[in-house]
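These come from TrEMBL:
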- 176-195: compositional bias 'Polar residues' (COMPBIAS)
- 241-257: compositional bias 'Basic and acidic residues' (COMPBIAS)
- 1-57: region 'Disordered' (REGION)
- 170-197: region 'Disordered' (REGION)
- 233-262: region 'Disordered' (REGION)
- 578-598: transmembrane segment (TRANSMEM)
- 610-631: transmembrane segment (TRANSMEM)
- 643-659: transmembrane segment (TRANSMEM)
- 666-685: transmembrane segment (TRANSMEM)
- 691-708: transmembrane segment (TRANSMEM)
- 720-743: transmembrane segment (TRANSMEM)
Amino acid sequence: MDSGVYSRSGPSSSETPSSCSSLPTGPVARTQSEGTEQHHPPRPQFLKQQSTPVTPAERIRAVSRSDLIKEKLKTNTAIFFGVHERSEETEKKVWMRRRMRLATRCYGELKAECQPTAYSAPGTDTGMKDETDLRWDGTIEPSPLRQKPSVASMTFKGVAILAAALNKQRGDIGRQRQTSRSYSPSTLGGSTIPQSPIDDEVFFENGNVEDTRLTAAAPADFVDTTADLFRSIHHPAGSSGERHGSWRRSMEGRREGSSQVGLSRIHGIDLDQAHDNSDRRQHGQGIFQRLFGRSLKRSVLNNEPVKEQLEDLEDHRPYFTYWLSTVQILILVISLISYGFGPFGMDLSHQSGLVLVTSLSLQQVDYTEPANFWLGPRAADLIHLGAKFAPCMRRDAKIIKEIEKGRERERETACCIRNDDSGCVQLSKTDCSSTISTWKKWTKPPDSNSGGRISGSVCGLDPKYCEAPASVAPYEWPDDITKWPICRKTSSPVQRLRTKDKLAAEHMVCEVIGHPCCIGIHATCKITTKEYCDFVHGTFHDEASLCSQVSCLDDVCGMLPFLNSEVPDQFYRLLTSIFLHAGIIQLAISLLIQWFLMRDLEKLTGTARLMIIYIGSGVAGNLASAIFIPYRADVGPAGSQSGLLACLIVEILNIWPMLRHPYRALFKHLAIAGMLFVVGLLPWFDNFSSFFGFLFGFLLSYAILPFVSLGEYDRQKKIFMIWVCLITTVFLFLLLVLFFYVIPVYDCEFCGYFNCLPLTRDFCSAQNINFKRTDSPV
């Protein structure tokens, strides 16, 4: 074995998993030159073309910073996709072993000829130990590497270490530093140890040592692991002396020719400094390793072959899976604390009660809204939190049309003033009772008191009495009450009433009973009382007098306000809805999928690749759902989960020849996909998102997963597949954007059946609030 470096055989770049005879069974073979090439980026092409050698100064001048950045980006991109020429062989072996470990966890047993023999055990997570055994002949005996501690165990251990450090008394720390050792005075037998350099020289004498073959084998580590052995050799139990319990021994106590086994391994080391570990790093190599309690023997870290084994056998940490699960749990908890639980059930929820209305009487109000059987918030609350809802992402023609109809009706309204001076409210002529009220409407020819306007009057609003914004040239208010702004400062008409007719400003001195209230998720506005608005879970605007002065769609959507109040622009809902859940039950389903599927997949792919697949599939799936089901508020990572399933199926097809039961593994994952489709037939869970998420996840998996191809693997073939998959993905996404914004789909009855199966009559009903009876005239 040359230079202490192990060698192993592995499949070449042209081989595929169909042949398991050449699978890696030992450490990776790497020569010194290969190791150098792996850690240093290749030289730029224009430097390779130079025939004469150049000095470092000339090279620095020749290579510009932009060229170095381009070369670095090119190299890192090639390594990310697994098509870098210099590291392709090494990375392919690493990925092969990772895929074998993923297969044993998720897909079942491997074939007998594909079983890892040296460093992994079938049926275990990794089956590895991260340490080696040192033989007494100085050679290294590789042993199975320990499984890495989980993130949870590291967190708990780190918290325990912090708690123990905070509970230490300062006196104990001071005494420990005074002795400059970690041993308590009781272990020294109560005697004084002379600080003489002679003792150190005596202790480090080689003496008669027979075995000196382990001199070069990690001496610092040997001190850590065999300190007790040294103390037992030099101070056996029952021995007397003033230095009982100390690792020192005197010149007089030394016997010539005594056997000092193992001292050759620590020859030349200052043990006085080594045992001065009052502030010594007991765990790991830094503050974060000390915090989380991680440690590796220095003999492992300093041994190059073992270091290569650890690099190859370590899977990626599922950080994104844990972070995503934590964020999803926190968002649902905060949502329930802020908005509470909506009505629970599988049908419509009926609400009824006596409410004070604009007629100043108590009226029975009945309304229905869909229940949430996922045990979570209402539909309107989920939209506020960032659910997928097409009217908040684009100008919806149907909703804009309804808003325009409401403004046309509002132009014909006027202030309805009660004759008993009990208040006034903005109503149409048919809703204002002529018996007990007066409908104050400006008509043709223009009334002298109206300022020449025929549109109005408005309860509590008049251009003549508004100081901010004032109706002065060239900013005069138009003769259209639906275009009047909200008056921020109104002057009192009392002084004017002394000289003019009191009836001229009657609509300004009456008590306004009703204000705009935005109800439901379709931007419906109604002039009503605050009690009524609160009962139907609406948004009350007491600062406004007309519905045209408020943007109910902005209130419905929530989150960040629109840049233009007339143009919804919350395209980011395609991303935010991935982190939302309709309730506790749906969150539990997502956590199960992420724990049993996503966590193992991230160990193979790493965080960056998994995030691309997860977010790309989820965003594309939500976009497709917004096209076909625009008026339903859907939440949850259905598209992302389907993308993960597509990635796992791609891995099954890639290692198909290695699996003992490939059909069983494929059927299991297809069954999970079928289960998600069945769940998608329920409200709040989207099948369109699942279908398109699976499609995009399939394409992204073939693009960014290294060494995955259709048929026999070839580097040029893989590069061609990467381009095809990426271009197809971008084209499909742009096509969905085109259908969403340019050629929108508003009505699709068949699409509703694919997304929600009507188990009952009202199981798939609209999520808007529907009223059973209306107010009586004022």
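Every residue gets a Cβ built from N, Cα and C, even glycine.
Keep in mind that what you see is a predicted model, and the values were worked out from it rather than measured.
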Of 578-598, 610-631, 643-659, 666-685, 691-708, whichever stretch has the most CB pairs under 8 A to the transmembrane segment (720-743):
691-708
In terms of Cβ proximity under 8 Å, which residues at least six beyond the ends of the transmembrane segment (578-598) contact it?
106, 318, 321, 324-325, 327-329, 331-332, 335, 372-377, 382, 385-387, 610, 614-615, 618-619, 622, 635-637, 639-641, 644-645, 648, 672, 679, 684-685
Close approaches to the transmembrane segment (691-708) from elsewhere in its chain (Cβ under 8 angstroms; 6 or more beyond its ends):
80-83, 91-92, 95-96, 605, 609, 612-613, 616-618, 620-621, 623-625, 638-647, 649-651, 654, 673, 718, 721-722, 725-726, 728-729, 732-733, 736
